[in-house]
Amino acid sequence: MPIADDVFLLAFSILPSLLRLYWVLCTMAAVLALLPLPGLAGFRAAVILSACRGKLVDMKPHKAFGPLSVSLLALCLLEVHLVRRYLETVLIMQYPPNARMHGIAYLYGISYYLVVPATLVPLALLQRLADGGLESLLGRGAMMGALPSALEATLARLSALQWLGVLAFVAGNLLQLHSHRLLANLSRGTQSGTYRIPRGGLFKLVSCPHYLAEIVIYSGLGLLIGAQRPLAWLILAWVAANLVLAAGMTQAWYRRRFPSYPSRRKALFPWLY
């Protein structure tokens, strides 16, 4: 029997079970939306949206688009961060001519910045993008006009915890920019390949405030979107683990190279590590 026939028979045999599961889940969704259970606001809004038709269409809950709008805000913030890092690298940072990067680190960097945006986007949005492109989300001819209003409406609905995330994101970027400027200033007016002990700013307390800033940045994204996309916390976990490792190695390098390196200066977290 051809393989195609086997696949067809298998799909046909499980179809009744899949249909049964579909209707059971739909019924359970409607029942859950009717019950005043805590923590189901986004789910309840989505179910209510599916019930809006005819004269009820104008009654659809605005919060049903909350996860999408918050994801849009998170992606915009991430884009600001990446553009800032690019301009910083081109205009501020000073790298010696013999600076090198391992191929594995290069490939990881490319994959990382492809995966992070996809992780912040709701799975439902990815499916809609795959099916109909960006215009399927905002309507043909109205994409550019809808983006500002969507962001404005999202900002008006942010919770206190989400605003804390936005503030943490901004603070982390400012700290990282300041720390990178201090590092860049060390290279100006010196011979190529010459290193000095960084001082000023948060370098008074830790060897890698720019790494600490990166953790603060992704903590902010987690607070902003973690409730809708729990995978954002996995991004933070990886960033923190990776930078704790890198900060420890950087601290050890400084101590080996500079015998007078400040003994009380921690690697990453002030007074702790």
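The count begins at 1 with the first shown residue.
Just so it is clear, glycine is given a Cβ too, placed from its N, Cα and C backbone atoms.
DSSP places the residues of the domain '3-oxo-5-alpha-steroid 4-dehydrogenase C-terminal' (163-273) in helix, strand and coil in these numbers: 73 helix, 2 strand, 36 coil. Here TrEMBL flags 163-273 as domain '3-oxo-5-alpha-steroid 4-dehydrogenase C-terminal'.
Positions annotated as transmembrane segment by TrEMBL: 20-43 (among others).
The transmembrane segment feature in TrEMBL is assigned to 64-83 (among others).
Long-range contacts of the transmembrane segment (103-125) within the same chain, counting only residues at least 6 positions beyond its ends with a Cβ under 8 Å from a Cβ of the stretch, are 67-68, 71, 74-75, 78, 82, 137, 221, 225, 228-229, 231-232, 234-235. Under the heading transmembrane segment, TrEMBL lists 103-125 (among others).
Annotation source TrEMBL lists transmembrane segment at 161-180 (among others).
Under the heading transmembrane segment, TrEMBL lists 201-225 (among others). Sequence-distant contacts of the transmembrane segment (201-225), counting only residues of its own chain at least 6 positions beyond either end whose CB sits under 8 Å from a CB of the stretch, comprise 70-71, 73-74, 77-78, 81, 120, 158, 161-162, 164-173, 175-176, 178-180, 182-183, 232-233, 235-236, 239-240, 243, 246-247, 250-251, 254, 265-271.
The transmembrane segment annotation in TrEMBL covers 231-254 (among others).
Beyond its flanks by at least six residues, the transmembrane segment (161-180) meets 70, 77, 80-81, 84, 88, 92-93, 201-203, 209-210, 212-217, 219-225 of its own chain at Cβ-Cβ distances under 8 Å.
Per-residue confidence over the domain '3-oxo-5-alpha-steroid 4-dehydrogenase C-terminal' (163-273) averages out at a pLDDT of 89.
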